[in-house]
Amino acid sequence: MPDLGKYAGAVVTSWAATLVLVAALIAITWWQSARARRKLDAAEARRKER
Amino acid sequence: MTTTRTKQANDRWNWLWEWANPVKFMSLSARALPWVTAITVVTLVVGLVWGFFFTPEAAKFGSSVKIIYVHVPSAMMAINIWVMMLVASLIWLVRRHHVSALAAKAAALVGVVMTVIALITGAIWGEPMWGTYWAWDPRLTSFLVLFLFYLGYMALWAAIEDPDTAADLTSVLAIVGSVFALLSRYAVNFWNQGLHQGASLSLDAEENVSDVYWQPLVICLVGFVALFVLLLLVRTRTEVRKRRVHALEMRERMSDA
Amino acid sequence: MIALLMRDLRLSVRAGGGFGLGLAFFLIVTVLVPFGVGPEAEILARIAPGILWVGALLACLLSLDRIFQLDFEDGSLDLLATAPVPMEGAVAIKALAHWLVTGLPLTLAAPLFGGLMSMQAPGHWWMFVTLLLGTPALSMIGAFGAALTVGLKRGGLLLSLLVLPLYVPTLIFGAEAAARGMAGLANSTPLLMVAGITAGSVALLPFAAAAALRINLR
């Protein structure tokens, strides 16, 4: 950890905010992608059954 | 003459339009994903670690200069993603490639998150530099307006049930919105010019940034672009799948009835 | 086209929609602001152009969803689409009708309401001029927003979300021109910009709005 001096608070909060938001974006993208894939697999399976 | 030229042009751009076919898109993007992921991880890790741990303090900014590595790339992406959505919307309206419309839809959430990051980091940076979290500075204000445009665009996508109608209407909104977003930018500049002199604080004027800060920043910029491309590919693939599910469900309902 | 204009005007007056309601809303906003910020004449006079502009803009917003909604529901919009009048013209006429029943009364009332906000002498005149130049753009942009959301069941809130960001440049230049005029400063630049936005909107937005309507009617 480098010595951030008097701006430590600002630097750490802005980096933390960025990382949290990007992580949330990746998580939601991941989750939506998995859900769409599951649904599509289910729909394709139903189609094959007929 | 003109027809041969267009044909040649078409041949040259064929590799691009291949992406417009949903089936081709799925196979091409599946092949590209590992590469894009690798580039994203490498550039982001190198750029961010370099920026955070191995840059000296700046004379005027102290260690707060390190905020630049998250603030500037997110701000740049916030604008560029809107431009990308505009181009994708135009392609959809002119050439009716579904992937294009879906890509615009997929990009919007990434764009809105980038705008929020730029606003938050800007506010946090503004507190020690300007003594206030929020000032109606032209740049900050423009980003707030851009944020509102993103919200409206996403709300319109969410509100319309029929996917093709939604794609058409959001495309029209993206075009008209772009014109007004640009107008707002000038209006805001005019409305509050010179309260904060931009040049000393803005770091995109290159002479203000020495190489020590510039090199990791460029890597961060590349990393954010790669991250966007990665998210865009995954999210567009999600949208294509959702569309396919929708089509299959419609077919089931038809055969049940 | 004139018949269409007359019909729209008759309908809006008879339905008691925009005409009185927008004006009453405008009055209420102007009355409420002093309650909020206090009765000091100096402060009120300083913020008057901005408050009047924002009030007029919100009052304009109130009646936007009526521009196409009723016609969409009873099917007369489909008739318009097949009529010999081009859709673009019909849209422009409808925006004009909206302006005549909301924008114009607001413009005429604003100098009077300026008195409530302790506005000083040249301010009234500049309120009138800037609103006269700016409100047509508000109606036209609003008509575009209404065309986008016409097919939706609960489009009202969405309409505000779509239209308000589009109003930003008009509001900034309009209020700025009024404020500078009131303070006796040169205001020809913002004034020209407002006029430019109005001219551009009236010239180009009918095409975008007509395109949106055609998509919705498909």
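Including glycine, each Cβ sits where the backbone N, Cα and C put it.
Curation plays no part in TrEMBL annotations; they are all automatic predictions.
Summarising the annotation, TrEMBL assigns domain 'Cytochrome c assembly protein' to B:17-196.
With a cut-off of 8 Å between Cβ atoms, the residues of this chain six or more beyond the transmembrane segment (B:32-54) that come close are 66, 68-70, 215-224, 226-227, 229-230, 233-234. Positions annotated as transmembrane segment by TrEMBL: B:32-54 (among others).
Taken from TrEMBL, the feature transmembrane segment applies to B:74-94 (among others).
The transmembrane segment annotation in TrEMBL covers B:106-125 (among others).
Positions annotated as transmembrane segment by TrEMBL: B:140-160 (among others). Sequence-distant contacts of the transmembrane segment (B:140-160) (same chain, six or more residues past either end, CB-CB distance under 8 Å): 75, 78-79, 82, 85, 105, 108-109, 111-112, 115-116, 118-119, 122-123, 126, 134, 166, 169-170, 173-174, 177, 180-181, 184-185, 188, 192.
If you look up TrEMBL, you'll see B:172-192 (among others) marked as transmembrane segment.
The annotation transmembrane segment is assigned in TrEMBL to B:212-234 (among others).
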With CB pairs under 8 Å as the measure, which of the listed stretches B:106-125, B:172-192, B:212-234 comes out on top against the transmembrane segment (B:74-94)? B:106-125
